[in-house]
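Annotated features in TrEMBL:
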- 14-187: domain 'Glucose-6-phosphate dehydrogenase NAD-binding' (DOMAIN)
- 17, 18, 19, 20, 21, 22, 23, 24, 51, 148: NADP(+) binding site (BINDING)
- 178, 182, 216, 235, 331: substrate binding site (BINDING)
- 189-480: domain 'Glucose-6-phosphate dehydrogenase C-terminal' (DOMAIN)
- 240: active site, proton acceptor (ACT_SITE)
Ligand code: NAD
């Protein structure tokens, strides 16, 4: 196995919202892991910038706590942790006022790569972008990273794109979708475009249908108020599931390069057909013993927001005409399980007498748990007694296949942040992609709002409402099992 890591120049990374939940849980522990892997070149600095007056030493303590809590076993390496914390500084800043900006301008070096991570509410993006320019902190090579949610509909996403475009070129803007940073998702592209085997079959002649499932076991918990204004469609489908769908369905780009990949993804989104109401199932989890229902957790007894959604989507192009794409995602489901399954068609004819079973090749791309890919193939059951056929997986669990228990496989956030520093936008969403995704989801949302559609209740720990099973049953298909 050959791995080539592109070296990185020293950089200054400013994390606006550097004391927030996302920074503590994901961004800083991820950076620490890259530091330990030797990928943060000497002289690189991380500057936390947030509301709240903290000394740098207190900020380092806060970050140490985050890394110890969320950084996994590597955080016990005290020497590395101390060295990493030395690269951290803190500036107290007011995104919407003038406080702190001069200090930040004095700290950030003019002659290194600069990245600004907007880990704050989207309502602050415009103010941050404006001030970075007003104070001469950002230069034409600087990058900004913006978090989801990127708008809540087409209009707001357009407005956000417009605001950012006033100060930054598209090549400087990194809209993060951490699903794209997952090892398996990139491997999906390697498997598709690095092997001769799959691409000839990757079309409506050989693929029966595709399933994309992102199942969570957690409920909305502390995020109830935010989530109730969003729902599974806005929170998960418009971004994560649609990005996965694009990677599965896109045409081979001419090169593995940001512009070419994103052009192909955009074409997929634009080719999605409108979805009729009977191809959408929305659900809400019910109470379970002393566990509260969705409505109780959201604090809204009359909420019509979905904590589960299943959609039968179709792509109107030559490759995929007639192939359903079934998408589903939800909270409080049976297991934490994310998977893309490409289900191939039945054999045209079986030569094995008496074999009544339906043997299907299925390529399953698992995002969690146990990231990996397996291909279900039919073989002869070992032993005497004739030709009995059995379906077995050819399994490639990355942690096992690549050795070292997968411990050096970077997690999504750390990989994506290093891509920002390298200036590689391939795994980030372009502004027109985000807008096209909203343009597809907006009418679906408007449709159920107009109909006053009430989500179906489902039991926590189930696979969602029964109607979602019917979405496939009535076409002679079935969902794959949700299993941990
Ligand atoms: P948080 O509320 O925990 O932290 C917000 C941060 O912003 C704090 O550091 C706070 O000091 C800073 N801040 C707030 N107002 C400010 C101002 N006027 N000037 C300067 N700093 C200000 O939020 P979070 O959970 O860390 O989320 C940050 C962003 O990331 C949000 O847009 C959220 O939607 C998004 N996001 C969060 C998660 C997550 O897991 N937490 C996941 C995906 C996306």
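Every residue, even glycine, has its Cβ placed from backbone N, Cα and C.
Please treat TrEMBL annotations as automatic predictions, because they have not gone through curation.
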Of the recorded positions listed as 17, 19, 21, 51, 240, the one whose CA lies nearest the CA of residue 331 (substrate binding site): 240
Reduced DSSP assignment, residue 178 (substrate binding site): helix
Other CB atoms within 10 A, centred on residue 17 (NADP(+) binding site): 23
Neighbouring C-beta atoms (10 Å sphere around the C-beta of residue 178 (substrate binding site)): 19
All-chain count of other Cβ atoms within 10 Å of residue 51 (NADP(+) binding site): 18
Neighbourhood of residue 23 (NADP(+) binding site) by C-beta distance under 8 A, where only residues 6 or more apart in the same chain count: 15, 17, 48, 66, 117, 119
Pairwise Cα distance for residue 235 (substrate binding site)/residue 21 (NADP(+) binding site) [Å, integer]: 18
Assigned conformation of residue 23 (NADP(+) binding site) - DSSP reduced to three states: helix
Listed in sequence order, residues with CB under 8 A of residue 216 (substrate binding site) and six or more positions away: 329, 330, 331, 332, 333, 336
Greatest C-beta neighbour count within 10 angstroms, which of the binding-site residues 21, 235: 235
Entries of 17, 21, 51, 178 (binding-site residues) sitting next to ligand 1, with Cβ under 6 Å as the cut-off: 17, 21, 51
Assigned conformation of residue 331 (substrate binding site) - DSSP reduced to three states: coil
Separation of alpha carbons, residue 178 (substrate binding site) and residue 240 (active site, proton acceptor) (Å): 8
